[in-house]
Every structure is written in structure tokens, then in C-alpha cells.
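Step one of this worksheet: look at the structure below.
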């Protein structure tokens with residue numbers, strides 16, 4: 001029965017596009033203050049991908065959680081994407097995920113438990129690939145289907161990669177193409193070509209593990225993963241946090257083939273426009289529809305990384321030899337004008 005259920009029709013928004021928008025989130029967490037625990041390395045004070053808590057001289061915990069709604073119709077694939085998406089925050093910090101707990105919100109009155117079983121199986125498959133132990137979980141009966149994980153990783157505190165430490169002169173690299181939110185909208189509307197859906201699914205089920213290992217080995221100066229706030233939103237967080245400007249060559253930003261045609265067909269999620277409304281004040285050099293894929297909320301998106309130029313070239317060379325996708329899309333400049341400048 002699971003192959004007959006269209007999960008995307010049962011939710012209002014798909015994947016990371018279902019997250020609270022940046023403006024609402026900023027207002028909600030404005031009064032939350034950082035803990036004064038001396039072992040807390042990274043907390044709630046910034047827009048980091050995960051928290052970091054020291055438990056030894058050379059060891060710290062990386063802690064994160066992520067929950068999404070279905071953005072594909074197949075339950076197993078949805079579970080796998082949700083797990084890859086949750087693991088990604090640990091990878092973005094340079095950590096190694098070691099344990100995870102399932103978080104499932106399930107409409108038991110409208111779906112058979114076989115659907116939940118398939119979702120959990122997909123999540124477990126991604127965890128097995130990552131070498132991460134599933135240690136438990138929690139379920140809630142809910143009107144809308146959601147699934148995600150709480151993930152704990154390990155890291156050497158001296159090797160944490162933050163999102164606020166890019167330096168002028170660094171080169172900017174991305175490790176996956178954009179457009180999964182737009183494609184998910186088309187899947188829900190049944191206006192998607194099978195090959196475009198397959199390509200998006202391939203990217204969303206690809207773990208950021210190998211790219212993260214190489215990022216750390218090549219001495220990344222800063223990194224984040226591109227998710228619900230879109231490429232521009234997360235690039236803004238990096239630039240504002242480091243008090244620099246990101247000069248981006250728009251033509252070099254990779255987009256999944258088929259996305260421009262879907263934009264022409266109106267397959268743009270509300271989250272894309274919400275991101276544009278919030279972040280367009282931080283952008284100069286271009287505007288309008290060409291930027292829509294860059295505002296698009298991504299699910300299980302790639303890593304956005306900065307390196308010193310020689311290290312960037314090493315990363316790109318090694319990525320090519322190891323069969324990893326990577327594109328150099330710009331450079332970091334001293335702050336001046338807007339945080340994001342397109343050329």
C-alpha cells in the first residue's frame with residue numbers, strides 16, 4: 001500500500017520549506033540568551049548549524065536536530081532524505097555523527113503504520129551509510145506527517161569549522177547544485193519530469209560526509225550547509241557573522257537541470273519568496289527571477305565553504321579525483337556595501 005500513498009499531498013509545505021521563516025524565527029528566539037557554562041563552545045548566540053559542548057581536553061559533543069515534512073512521495077526515500085538532512089549539520093561543523101534518535105509525527109488515522117515503517121527504514125539506511133548508531137526515538141500522533149532526527153556527533157574542539165570565520169581573500173565553494181525546493185513543489189503538483197525528480201532525489205540522499213572530511217583536511221576557514229533559508233540566506237549568515245562581503249559569480253552557481261523551466265511554470269514554493277523578502281536587502285548586483293533558485297529553500301543541501309586560495313584549489317582537485325561535486329563560485333572581500341554582491 002505504501003507505493004500508492006502520495007505523501008506530498010498530505011502536507012502544506014515540503015521539506016525545509018516548511019520551517020518557520022527567517023523573520024519569524026529571529027523574533028521568536030530574540031530573548032534566548034547564551035548559557036554561561038564554560039564548556040559551551042558554540043551555543044544559541046549565532047546562526048551556527050549545531051551546538052558544540054566540550055567534554056574533554058580534545059573532545060566535544062556536536063548536537064543538532066532537524067525535522068521535515070515529505071518532499072517526495074515514496075516513504076523510504078523520504079526517510080532517507082530526512083536523515084541525510086539531519087546528519088548534515090554535524091558534517092557542516094566538521095564533526096562525525098555517532099548517535100541519532102528518530103522523531104516521528106504521524107497521522108495514524110489517515111496512513112497505515114506500514115508507511116511509518118518504510119520511513120524509519122529509509123532513515124536507518126542513511127544512518128547505516130553514515131556509520132551512525134540509532135539509539136531510540138519518539139513518536140507523536142499528528143495531523144501532518146513529519147520526520148527527523150536528533151543527532152549527536154564528536155569533534156576535536158580545535159578543529160571546529162564555524163560559519164562566521166571567513167576571511168577576505170578566501171575562495172567560496174559549494175558542493176551540491178540548487179533547486180530542490182522548486183522541484184519538490186513540482187512533485188507535489190505532479191508537474192515534474194521523472195529524470196528531474198530522480199536527479200533531485202540523488203542529491204538529497206547524498207550524505208555530506210565525504211565532502212566534510214575533505215573540507216577539514218583542506219583547512220576550511222568557514223562552512224555551513226545550505227538548507228531552509230536558501231543559498232542567499234545562509235551565505236548572508238556567513239558574511240554578516242564574519243563582517244565580510246561575499247562576491248558571487250551568478251553564472252557559476254550550480255542549479256539542477258530543469259529548475260529554470262519549473263520556475264517559468266510557477267513551481268516556486270512560498271518559502272522562496274519569504275526568503276527573498278527577508279534577505280534581498282542584503283543583496284546587490286542582480287535581482288528578480290534569476291535569483292529565485294538562490295532563495296529556494298533546500299533540503300539536504302550541499303556545504304558552502306570558504307578556503308584560502310591554495311587550499312581551495314587543493315579541495316577542488318581532490319574532490320574531482322574522489323568523484324565529489326564541487327564548484328568555486330566566488331571570493332570573500334572586505335566588508336563594504338551589501339554582504340552579498342553578484343557579478
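Each residue, glycine too, has its Cβ placed from N, Cα and C.
Because the structure is a prediction, the values reported are computed rather than measured.
Record check: Swiss-Prot places 49, 89 at the Mg(2+) site, and the matching candidate among 225, 264, 265, 289 is 225. Summary of the Mg(2+) site environment: with the site residues 49, 89, 225 set aside, the chain residues having Cβ atoms within 8 Å of the Cβ mean position are 50, 64, 88, 90, 91, 92, 93, 224, 227. Taking Cβ-Cβ distances under 8 Å and a sequence separation of 6 or more, the neighbours of residue 47 (ATP binding site) in its chain are 163, 164, 237, 241. Here the candidates are the binding-site residues 66, 137, 139, and by Cα distance the one nearest residue 225 (Mg(2+) binding site) turns out to be 66.
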